[in-house]
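One structure is given below, encoded as structure tokens.
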């Protein structure tokens, strides 16, 4: 994993909570709709930017630049990818609280996967350290001969058994949900102590359980909703919202612009018809991209990233850190993606992702990939209201109100 002369590893999770989780805004039984508000936690963990890039590239099976691979896979005194900070320098993280059986865990809602996997009591004790744990032996029913595995080319991953158990998100319970209980995780997963697993909102046929694929949590509640949709209204430096079964028109401006979804690979994938960097429009550049709430960065074609960073004085592709960087005191230009006639504008401040510790250099929230499809992650989503509609399927986009 990563290493640097100017930080000390800090593995202990020292978070505290500052916002309670919102319960459903209405009774699902009578309205077919409900809302989840992300939970804000303050933690003394600070992610190293190249490590976060490594996570996104690895998840989407993209080639790793040598520097990113070296930083992410080096196992040494700084192997956990965190830096020590003082109490006044804590980070804020936004997570989603879920109850499985009698256990409460923090998970990522992830449109880029269809697996519902969590840290469990079946892991070795060292892998459970600083995580909230699911205890399937207390409330779950094991699915015989059903297993799962997530693996990447660099040797990282997770694997385990499958149990049926009740799973409740924002008070809405699925009484018999397939939960993928980890029996093994690589140390890179174990070191991510802010969350305890993933609840995938991709398509059911992308689920990784074998020999019989299992329904996602959303797949199990979809028929109980007013409409087969969920929306994401994620925020920059604030808790965001997921709405289920309806479109909250108070959260967006204007009419959403829709694109058809190609779900053949299980992703929320579509084709965009252009982009803008600063005042430069490129309305004929079409590219495919996956919309992924579980990835921090937006991983875009090299032609787009090079054009964007060419507008920023002092920007460079930093080979030591494996990505595009720039002076932290720089005011970044806007970036936009064209969706039919709608330009989805990303403010420059959303692209200034993080300062590299010990320097005056910041790491960009837009980074390059050479292979299609691209990935639109948090740096894009935190300015947009996005509709994920299983009727079609299709996605709608509008500016946040």
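Placement of Cβ uses the backbone N, Cα and C atoms for every residue, glycine included.
Lifted from Swiss-Prot, the feature list:
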| type | residues | note |
| --- | --- | --- |
| SIGNAL | 1-22 | signal peptide |
| CARBOHYD | 80 | N-linked glycosylation site |
| DOMAIN | 94-398 | domain 'Peptidase A1' |
| CARBOHYD | 102 | N-linked glycosylation site |
| ACT_SITE | 110 | active site |
| CARBOHYD | 282 | N-linked glycosylation site |
| ACT_SITE | 292 | active site |
| CARBOHYD | 329 | N-linked glycosylation site |
Remark   = glycosylation sites considered: 102, 282, 329; fewest surrounding Cβ atoms within 10 Å belongs to 329
Message = In whole Å, how far does the CA atom of residue 282 (N-linked glycosylation site) lie from that of residue 102 (N-linked glycosylation site)?
response = 52
Candidate with the highest Cβ count within 10 Å, taken from the active-site residues 110, 292 = 292
Ask   = Nearest to residue 110 (active site) by Cα, among 102, 292, 329 (recorded positions)?
value = 292
Key: Between residue 292 (active site) and residue 329 (N-linked glycosylation site), the C-alpha gap once rounded to whole angstrom   = 29
Key: Three-state secondary structure, residue 282 (N-linked glycosylation site) (per DSSP)   = strand
Request  = Give the distance between the Cα atoms of residue 102 (N-linked glycosylation site) and residue 329 (N-linked glycosylation site), rounded to the nearest whole Å.
outcome  = 48
Message = According to DSSP, collapsed to three classes, what secondary structure does residue 292 (active site) have?
response = coil
